[in-house]
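A short write-up of the structure that comes next.
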Amino acid sequence: MPAIENIAQPGWVGVELFFVISGFVIVNSAASASAMSFLKGRILRLYPAVWICASLTLIIIATQDVNRRLLWNYLRSITLYPGGPWIDGQYWTLACEICFYAIIFIMCATRQKTRMPALALGLSLASTAFIALLYAFPDAAIPAIFTETAWRAIPFYYGCQFAIGIYIWLLSQGRMNRISWLGFLCALATGTVQIYMAGENTSDRTLAAAGHAFSSFPAIVVWAAGLASIVASVGYSKRISHLPASFLQSVKTLGSMTYPLYLLHFAIGVQLLDWLTALGLAPLPALVLAVAIVCSMSLAVCKWGEPPIRKVLRGFLDRLGQRAAGFQAKESRA
């Protein structure tokens, strides 16, 4: 299906947009949170869906093969161990997320939340220096460590994307100064180069696998359009909040679906395609049906799977926090 392939090819840039959104949302969440409440919120957001989706992926993969490596990959996935390998390839982005969360947690714990502009600038400059090094020496061993191994979780390669999200948040708070604007422009320029380089790498792999290459330009256009949409949604947030409640709830549900959809779409989606085509379906109907099934599974996870697990987990974390507070009180009296 060449037509669909050409349309869908730039979709990989969704990862970069995901990091931009994360930069905005996580800093916004941390702004009014203590270190422990921030940590609790991140645990409640990440783990329930991972436990469900990794288990579903395990079941699907186990229909083909079960071995010790698969079980270890599953354990690393449900614990969100940042080193990998995981039960499915896309879990590597969660390692990047956790590394970014750790930085924000440290800033909350050390009462440095007012220094978010400095964090954004640091991420921008570090990412710019790293990508310039990678561009100048594409075959060097050290830069490859931070793009092709577990060390890529450290925000060098993708730091500019997180920085863009932070700058959008600073813009929404009216906290941009001259240095912040320069850092924002630096992050945007570096982000463009990063996507160009990632696109060239993707094109090379596609050329080797399928015999044809792709341009990076569509991915850059999609990324720029995504950034414009994020900025517009923030700028017009008050107007958006007055839209019909049913519409806003539907949008919220679609947003909640994206996390389990991301975790399920590859391993389960590919396996569904194999099964459906083996049953005699043509490629296009098989693709449509596979997408519908994975989307339905994602809806079920976010609507009926995550809430009860999150409720139990929240109760456990609350009790744990109460015990820790009680222990600290006893120690202080002693």
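From the backbone N, Cα and C atoms, a Cβ is placed for every residue, glycine too.
According to TrEMBL, the transmembrane segment annotation covers 12-31 (among others).
The domain 'Acyltransferase 3' annotation in TrEMBL covers 13-297.
Annotated transmembrane segment per TrEMBL: 43-62 (among others), in sequence order.
The transmembrane segment feature in TrEMBL is assigned to 91-109 (among others). Note on the transmembrane segment (91-109): residues 15, 18-19, 22-23, 26-27, 30, 33-35, 38-39, 42, 46, 50, 77, 80, 82-84, 115-116, 119, 150, 152-155, 158, 162, 262-263 of its chain, located 6 or more positions outside it, place their CB under 8 angstroms from a CB of the stretch.
The annotation transmembrane segment is assigned in TrEMBL to 116-137 (among others).
Taken from TrEMBL, the feature transmembrane segment applies to 149-172 (among others). Listed as Cβ neighbours of the transmembrane segment (149-172) (distance under 8 Å, sequence separation of 6 or more from its ends, same chain) are residues 16-17, 19-28, 82-84, 92, 95-96, 98-100, 103, 116-117, 119-121, 123-124, 126-128, 130-131, 134, 180, 183-184, 186-188, 190-191, 194, 227, 230-231, 234-235, 237.
Counting only same-chain residues 6+ beyond the ends of the transmembrane segment (179-197), those with a CB under 8 A from a CB of the stretch are 13, 16, 117, 120-121, 123-125, 127-128, 131, 134-135, 157-158, 160-161, 163-164, 167, 170-171, 216, 219-220, 223, 227. Look at TrEMBL and you will find 179-197 (among others) tagged as transmembrane segment.
Marked as transmembrane segment by TrEMBL: 217-236 (among others). Within the chain, the transmembrane segment (217-236) has long-range Cβ neighbours (under 8 A, six or more residues past its boundaries) at 9-13, 16-17, 20-21, 24, 164-165, 168, 171-172, 188, 191-192, 195-196, 198-199.
Annotation source TrEMBL lists transmembrane segment at 257-278 (among others). Packing against the transmembrane segment (257-278) from elsewhere in the chain are residues 18, 49-50, 52-54, 56-57, 60-61, 63-64, 87-91, 93, 285-287, 289-291, 293-295, 297-299, 301-302, 305-306: each is 6 or more residues past its ends and has a CB under 8 Å from a CB in it.
Residues or ranges marked as transmembrane segment by TrEMBL: 284-304 (among others).
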Whole-number mean pLDDT, the domain 'Acyltransferase 3' (13-297), equals 90
